[in-house]
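> According to TrEMBL, the record shows the following:
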SIGNAL    1-27  signal peptide
REGION    302-353  region 'Disordered'
COMPBIAS  312-326  compositional bias 'Polar residues'
COMPBIAS  336-353  compositional bias 'Basic and acidic residues'
COMPBIAS  366-437  compositional bias 'Basic and acidic residues'
REGION    366-448  region 'Disordered'
TRANSMEM  449-469  transmembrane segment
């Protein structure tokens, strides 16, 4: 009895374990149930109230704020456009300078690597050059492959060294002015901070955060009419422009600092040293080559731009020279503003041309694809027709061959039948001739004379006998 209970208990345990395994398997394979999107009832009281708030605030509360923020935003955007232009021009110049040094480093390191000097010495030089180039933003030194002094790339570099160094010197001489322009632009942009912060504070007092939260609701997006949607879009766009402009003004200092620090590197001294090393390494190839003079000009330390550019009523610099410097800075800033606007126009034109070219290229590609598809279809149709013509010709040839074979077969059968008929005729003729011959023989042996021969002989014998008796 106890044994039976033990077995039953084991069965129960087994069933429980089996059920657990099945549940685990279903749980593991269960797919996520998609969340059903919330249905929006535009007639709901809360939704209607939100829409009323959006309509009221966008058309009344924020309407004057939109007008008041227009001029400060436009002025800040123009200033930031100028600052971006000045910083980009400065960084582009630094990049051109660093590229010349970087190319020289690559060739020098590659030549040294091809001569296989001591590994430790090579590593020391590599790390020194890495440290040199790390001061330029975006310039890296990968591990170049060994290169001979007579390599066409090195030869082209050495042949054009006068032009390369000349452009290098010109760029170095212009860097100081470019850094100054970037600093002046940054200062002027900073003067717009207070006005934008004042405007932002007015928007905050008008509970713009609460307004934006309502505008972000899915029910508001679904149920807004076109007029409310347009008003909300103006509010959101203008507020975001204010916040973005303030962020850009805050970041202007860091961007200008990067330009100033990179410009402060004495690139000319480094390039002259590197060119001297390269000349020594490749002396056997290029001989006593005369290297051009490299401009080793450092960026002049700028005066206190902030102090010079402050309005004269608050500035501590009251001399005529400072007033002249301020006027020059303002003149330079205005020139940069015009250049920035022209660049923006040019970039917009290039972007428009690129978009138009992309559209034309897409249309041309589609037209080319269409023509290729048509040509493909025409080729397929031609191949199909040729295949059909070939099939018809093959079918015709097959039928002709079959007809020819049938005719030949009929001719042979006819010839065979003719021969059989001739043979049969000959056989019939032979049989007929034999029959006639046999018949003639039969006719000859059964003639009346022959048939009465015995009688005649008997008569004759009787006559003769009588004659003898008489």
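Heads up, the Cβ atoms here are built off N, Cα and C, so glycines get one too.
What TrEMBL says about a protein is an automatic prediction, not a curated fact.
Show me how these features fit into the shown structure, please.
Summarised by DSSP class, the composition of the compositional bias 'Basic and acidic residues' (336-353) is 18 helix, 0 strand, 0 coil.
In terms of DSSP secondary structure, the region 'Disordered' (366-448) contains 81 helix, 0 strand, 2 coil.
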> Could you tell me what the rest of the chain brings near the compositional bias 'Basic and acidic residues' (336-353), counting residues at least six beyond its ends with Cβ under 8 Å?
78-79, 81-82, 84-86, 181, 185
